[in-house]
């Protein structure tokens, strides 16, 4: 492995350690022992869930390519995952609000374990089923756990500001430290132990099973709106009314879709971007480096969220602008450096600069997650939290599916440029959200939802 990778990893590690060790009382919030116990229990579960997800991340594209599938075939498999998340995500989110968030979290574990098992088969149809199951699991991961946390936090009477602690720690550990360990562990399984690219998926299934056992033994159930007279259609209508009646919720959904759409496109693109001529790159180690950069971002976020100024709505504008600039680097390098035609070898000079830019983008991802969680906890109504959060994922999944469907039609520079434009638009929408952040809602969505539900039979 080239020294360059170690240098980047080492510098990021030093910066993260310095940030964490230099925190003072202004960067911390005093809490109770009961909250600390609750927070730690959630962090253990969330870390296990994310370990199951992160172990798979660096090797999905690689596994499919070892089975002999082309870039276009792999793109279709990715489309199946995002498509199933779009089609079934809102349904499972609504069921989580109605049937219980704990049950939804357990369902996530079972669904993702089944998805991992399908990776043992090289058959395209079996892999397609696995991607569909994975798409459903992803919808549950990014809605049910957060919904359970917010509801349980409020039910136990903890202060609202303490939520930001759990959010930032969840990203620091689950999206950072655990992801790094998962990347290195996956690299160990595949390359050092020579167990093949399917080994990380088996390990992921084990972590998911352990996490499910902790959920079943220590979590209580909570609901959004468990009313018997609220069917799925009524819940969908209520969520749509909530988004339409409150500009802040609509802006938040658009911002989330734009950023996450760019992020998931990046997940697909970074491997071919760093190895356009089949250069030998250590996927697991690079993934771990990205996650260390994400930890840097979450460490910064924890400081920012612990203070009253600047507000989250304010500094996120800068985050989106920086992330937009970082994804322009592949376009800049393509215009300045002539592409190499030599196959194989180590990472190129252009690839080194792109890797640095990608680390900046991952730092922005680390800032994004706890910040968007904080804003969601402020603006999204509890009654339909999971449903609304999965509504946000519909445009996200459409965007990613369109990109992946046309992955062979456009050069990577065009796709990176498109992501950069979307991130710039997100910064403009974030500015609008900051402007109206303190503005009261014109209508309360719950009465409007109930009135629409009552009027619905009259319109048949």
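A Cβ is built for glycine as well, from the same backbone N, Cα and C atoms used for every other residue.
Keep in mind that TrEMBL annotations are predicted by a computer and have not been checked by a curator.
Annotation comment: TrEMBL describes 6-22, 43-62, 74-96, 170-189, 201-219, 285-306, 318-338, 344-369, 390-407, 413-429 as transmembrane segment.
The largest share of C-beta pairs under 8 angstroms with the transmembrane segment (344-369) comes from 6-22, of the ranges 6-22, 43-62, 74-96, 413-429.
Contact between the transmembrane segment (74-96) and the transmembrane segment (390-407) is present: at least three CB pairs lie under 8 Å, with pairs separated by 6 or more positions in sequence.
Contact between the transmembrane segment (170-189) and the transmembrane segment (413-429) does not hold: fewer than three of their C-beta pairs are under 8 Å, each pair 6 or more apart in sequence. Using a cut-off of 8 Å between Cβ atoms, the transmembrane segment (318-338) and the transmembrane segment (413-429) share at least three residue pairs, counting only pairs 6 or more apart in sequence.
The stretch in closest packing with the transmembrane segment (43-62), judged by the count of Cβ pairs under 8 Å and taken from 201-219, 390-407, 413-429, is 201-219. Sequence-remote contacts of a segment are chain residues at least 6 beyond its ends whose Cβ falls under 8 Å from one of its Cβ atoms, and for the transmembrane segment (285-306) they are 1, 5, 8-9, 12-13, 15-16, 19-20, 23, 26-29, 54, 57-58, 164-165, 167-169, 171-172, 175-177, 179-184, 186-187, 270, 274, 312, 315, 355, 358-360, 362-371, 374. Same-chain neighbours of the transmembrane segment (6-22): 285, 288-289, 292-293, 295-296, 299-300, 303, 355-356, 359, counting only residues six or more beyond its ends whose CB sits under 8 Å from a CB of the stretch.
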